[in-house]
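Peer 1: I have a structure I would like to understand better, so I am pasting it below and will then ask my questions one at a time.
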Amino acid sequence: MSWGTELWDQFDNLEKHTQWGIDVLEKYIKFVKERTEIELSYAKQLRNLSKKYQPKKNSKEEEEYRYTSTRAFLATLNEMNDYAGQHEVISENMTSLITGELTRYVQELKQERKSHFHDGRKAQQHIETCWKQLEASKRRFERDCKEADRAQQYFEKMDADINVTKADVEKARQQAQLRHQMAEDSKAEYSSTLQKFNSEQHDHYYTHIPNIFQKIQEMEERRIVRIGESMKTFAEVDRQVIPIIGKCLDEITKAAESIDHKNDSQLVIEAFKSGFEPPGDIDFEDFTQPMKRTVSESSLSNSRGDGKSEPKFGGKSKGKLWPFIKKNKGAGPEDFSNLPPEQRRKKLQQKVDELNKDIQKEMDQRDALTKMKDVYIKNPQMGDAASVDHRLAELGQNIEKLRLEVQKFEGWLAEVEGRLPMRTEQARRQSGLYEAQNTSAVNSCAQDRESPDGSYTEEQSQETEMKVPATDFDDEFDDEEPLPTIGTCKALYTFEGQNEGTISVAEGEMLYVIEEDKGDGWTRIRRNEDEEGYVPTSYVEVYLDKNAKDS
């Protein structure tokens, strides 16, 4: 089966068919390209969806992810992010292995096709030229034969006429002979041209055209094989990511199976347990007897020295029997005395842990500077040992201040932990007495509340804010706190944070990390209590704490 023998006279149809084949290939390339665009768009939408439902950058939102169900949801979001990455891989592989390769192949195919059909047209033009030469030789032979016949007839006519001179007859005879010779020469030329044309025609239809058409056939078959291989690659690219996508789905299933409803219920207890005991029974007061009434110790009424009775619980929030005061909307007291005992203990313990971490960081920096100073002392050419003395002194002062802070909070913590076993005492459950204790605690802690430089920082207005009626309650008593630090970082380059939410850093500056890169290329850092924001992740070198990495 060869196009050269079977389709020797279908040059034009073969030209149209091969052009159609290239059009099909280009259509397939366009199809794959649109598929890659769909994969990229789908991956982008999945990433945006995952980012949209990530916990917001505040402590209250992140605290919700203590529960196993919300942690499982967070794991699902992270796996969906990886799932989206596999669709990006599909797009990249199809672009490089199919679209890019086929586009180059199409260009080569067009050049090869152009060359083959150029050779075919050239062969066609050659055989047509030979045919024209044959026709010209044939016409010339025919014309010379007719001229020779006329010359012969004229000679015979002149020879038969007695009135014609002998010289005219001789001239006519010579002319006839000349025409006859020319006819013979034309005959010989025509015969030679005919033989040559037949030879050229045989070579054209049995050698040149078959060879050219055979090359065109091979070119077309290679195109067909190539598009088939591309279709296999199309399927294989999808198949390669199936195990990873399956792993993502397995992790989502694993996260779902890790949900523990009992654990979540216990976390609710730990989050909201106040530490108070329920109010006891209220003694019966007999108003029929003309005797002085006494208020039971277990009553929630305000037993003040003026003897005035407490108004009935009929107001908006006065029906609540929770013996703790309303959450302070401003800056709460430093010792968290506005919180119930159990919640206060947790807050104080958290503060002690944070201060101990800060002390450890300062000590690590001091140890590092001490080693650097020793190196400078042993090798003065590397640096001036005295240059680090000022910083070492600052670190020593910071450590001492932090230790004093730890002692202060540990004292409050010991006080709370000592009181917790006594919380069944009836007098402490009376709202008026609790308010009085709370007010005195605020005043006492205000005396100890000093800034690191020794100046008093608490305003009088903050103290008076705490003196609110004991019956004005609020269900919320956790103040929003800044995000805890999870590590440190060093600025590799200077960054000018001009956009909202960013922070400027200088090259070499050490800062605290409070939130890792969530996949968007930004890391949240803190310089001090009032300065925090985002910087490009590529601009800093991050050192996460071991606890942060394990969590």
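Counting begins at 1 with the first residue displayed.
Cβ from N, Cα, C; glycine included.
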Peer 1: For the feature coiled coil as recorded in TrEMBL, pick the matching range from 59-90, 155-186, 475-506.
Peer 2: 155-186
Peer 1: With a Cβ cut-off under 8 Å, give me the same-chain residues at least six positions beyond the ends of the coiled coil (155-186) that come close to it.
Peer 2: 137, 140-141, 143-145, 147-148
Peer 1: Averaged over the domain 'REM-1' (338-415), what pLDDT does the prediction give?
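Peer 2: Across the domain 'REM-1' (338-415), the average pLDDT comes out at 85.
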